Every structure is written in C-alpha cells, then in structure tokens.
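In what follows, a structure is listed as structure tokens, so that the remarks can point back to it.
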Amino acid sequence: MKHVDTEIPTEEQIHEAEKFGFHGQVQAAKIRFDRYFPGVLASITVAAAATFLSDHYGAPTMLFALLIGMAFRFLSEDESRALVGIQFASTTVLRIGVALLGMRITLGQIQSLGVKPVVMVFFSVLLTILFGLALSKMMGRGKRFGVLTGGSVGICGASAALAIAAVLPQDEYSERNTIFTVISITALSTLAMIAYPVVAQWFGLDHQAAGIFLGGTIHDVAQVVGAGYSVSEQTGDTATVIKLLRVSMLVPVVFILSLIFHKRNQKDGNAPRRTLLPPFIIFFVLFVGINSLGVVPKPATQFINDVSRWCLVTAIGALGMKTSLKSLFEVGWKPVSIMIAETVFLAVLVLGSVVWMS
C-alpha cells in the first residue's frame, strides 16, 4: 500500500519560505492554506449542516453545531491534519464573528429607549455577573466560571460566553466550561422563549413593557426575536432593541475583565497575555459607530450580519470538535444549578424593574 504523507505544515516552514522574495511569499501562503484548510473546511461543513437542520426542524443552530461537532471529535486529535484549522476556527473566526455583531446596533436605537431601560439593563447585567460570581465561589466552582456564566446569562448568551472566554485566563478546564456554558445557555434560552411570553401575560404587561421584559431576560438574540414577535410587532421591536443594548454591554465587560487580568499578571510578575482591550472588541465599537452613521446600505448590513452568524456557528462547531462528551458529564450538577439560579435571578430582577417602571 502506498504511504500517504500526512505531515502538517509547520510555522517554521512558513517563516523559511518567506525568506525567498515574492516566490517565497506565494509558497508561504500555499503552506498556510494547506495548514488551515482541512480544519476550517470541517468547521464550515458542521456549520452548514447545523444551519440546514435548524432551518428545517426549528431547533437552535448553535445547539446543532455543538452536537454535530462533538460527533466529529476525532478530527481534533493530536495527529490530525484538521487540528490546526479547527483551533483557528475556534479562536480567530470566533473573534471575527463577535466583532461583526456591532453592525446590529446603532447609537440611535439606544437613545430611543430613554433613560430608565438603559439603567435597568446596566444594573441587571452588573448584578447578574456579581450574583454568578458569588454563587460560583460559594459552590466551589471558582470565580472564572461565575464570571463566564453570569456574563453569558446577563449579556447575550452563547455569543457572550465565547467573547468572555476569549479574555479569561486559560486552564485545562476552560474549553470544557465554555462548551458547557454554550449548551446550557442555549437550552435555557429556548425554554425562556416559550415560557416568558406567558409570564408577561400573567403579569398583564402591555406591549412595550413585555418587550422590555423579554429583551432584558432571554439569553440569545434569535430567541428574543422569536418570543417578542410571537406577542406583537411592537413587543418584538422593543425586545430586539433592548436585547441589542445588552449585547453592547460586551464592550465594558470585556474591557474590565481584560484590565483586571492585565493588572493581575503584572502583580504576579508575568507578561500580560493580551492587550487591555482585545482587537475584536475595538472593531465591535468601530462597527457600532459605522452602523450609527447610516452610511452602510441595508443589503450590506444584512450580509455582514449573516457573515457574523456564520462565523459564530462555525466557531461553535469547531469548539464542539474539541470537546468530549465524557468531559461534559464530569461537570456535575453544581454548574447546572448555578446557571439556572442566574437565569431565575435575572428574570425576577428585570420583571420587578418593569413592573416598577410601569
């Protein structure tokens, strides 16, 4: 049988090729392509399959991407040619997707809400993170897990989990905790999409108040849209704007976390792992500003939003391929309890605020 060379191109090969002028640059580009293509293609294929299933069967796209990705975990084994590309998709592609989320938000949308909803969103996010931090520490799961889950529940679900995980210090449990958070937040968000409109009706909330409640509590954007427009068009519009305001809280939260861990690294005498404000958050703010100017045509904005969604689903698929079911089963009941408690805490806090404002 003929031997097939499966050697993965290395960074040393790339740097060596770059020394030989234009021809070397072309050769280096080819080596990079060979290095990343198998894993990126596998991740995009998982994303495409997840999108197809979601469009035809209605379940959350990210949940499908995770489950399909985990079925192909063998592609991320140490000797696999796809490993480097999968790592690229789970990090760089992820950051691109988060940065492009800024094209969903305008400053005008935030201004149109008035002061009270903005203050409510700010304190609900802050208090949910602090609650998660305290509860996680009390239950022996550590501060990082509390920040990760609290931020995910308080801000924007799976997207926030990925963005926050990107700036937290990494350890042997980081990827497992991120995947667990994404799976749990997707399940809780789906349940909230079904249950929270009924809760709004029970409390007799009008269309605007119901929109504030749904947008301020449901975890992922897609489920907010689904729940809001199932009540009324006004409720859907209000819920979407409130939700996007929560998405914008990614910027200060990620900046503060980066600042905290930057100072901690300096105190410990270690070189800082990241800049104070990661580039993908800088671009997030930049895209919010560009979108606020109204200079980007709507078809282009929609295209960018689609690219963002594809990047995030691709990254989730890659993370799934790097995660084993065994490691998830080892998490235990405490993390599940923490995330349920955070979800209930946020719902009660926002509902109380909405009733008070009404």
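All residue numbers here begin at 1 and follow the chain in the order shown.
Including glycine, each Cβ sits where the backbone N, Cα and C put it.
Per Swiss-Prot, transmembrane segment is recorded for 36-53 (among others). Sequence-distant neighbours of the transmembrane segment (36-53) (same chain, 6+ residues past either end, Cβ-Cβ under 8 Å): 59, 61-62, 64-65, 68-69, 72, 75-76, 81-90, 93, 310, 313-318, 320-321.
Look at Swiss-Prot and you will find 57-76 (among others) tagged as transmembrane segment, backed by sequence analysis.
According to Swiss-Prot, the transmembrane segment annotation covers 83-105 (among others), on the basis of sequence analysis. Residues 8, 35-44, 75-77, 159, 162-163, 166, 221, 244-245, 247-248, 250, 278-281, 283-288, 290-292, 296, 301, 304-305, 307-312, 314-315, 317-319, 321-322 of the same chain, all 6+ positions outside the transmembrane segment (83-105), place their C-beta atoms under 8 angstroms from a C-beta of that stretch.
The transmembrane segment annotation in Swiss-Prot covers 115-134 (among others), and the record cites sequence analysis as its basis.
Residues annotated as transmembrane segment in Swiss-Prot, with sequence analysis given as evidence: 146-168 (among others).
Feature annotation from Swiss-Prot assigns transmembrane segment to 178-200 (among others).
The feature transmembrane segment is assigned by Swiss-Prot to 244-261 (among others). Here the transmembrane segment (244-261) has Cβ contacts under 8 Å with residues 98, 101, 104-105, 109-110, 113, 117-118, 121-122, 125, 129, 147, 151, 154-156, 159-160, 163-164, 167-169, 215-216, 221, 273-278, 281, 284-285, 288 of the same chain, all six or more residues outside its ends.
Taken from Swiss-Prot, the feature transmembrane segment applies to 276-295 (among others), supported by sequence analysis. Non-local neighbours of the transmembrane segment (276-295) in the same chain are 95-96, 98-108, 163, 166-167, 248, 250-251, 254-255, 258-259, 262, 301, 304; each lies 6+ residues outside the stretch with a CB under 8 Å from one of its CB atoms.
According to Swiss-Prot, the transmembrane segment annotation covers 307-325 (among others), on the basis of sequence analysis.
With a threshold of 8 Å between CB atoms, the same-chain residues lying at least 6 positions outside the transmembrane segment (335-357) that come near it are 116-117, 120, 124, 127-128, 131-132, 135-136, 139, 141, 145-146, 149-150, 153-154, 177, 180-181, 184-185, 188, 192, 196, 199, 203, 205, 209, 212-213, 216-217, 219. According to Swiss-Prot, the feature transmembrane segment maps to 335-357 (among others), an assignment based on sequence analysis.
For the transmembrane segment (178-200), same-chain residues at least 6 beyond its ends with a Cβ under 8 Å from one of its own Cβ atoms are 59-60, 62-63, 66, 148-149, 152-153, 157-158, 161-162, 165, 209-210, 213-214, 217-220, 223-224, 226-227, 230-231, 316, 319-320, 323, 328, 331, 335-336, 339-340, 343, 347, 351.
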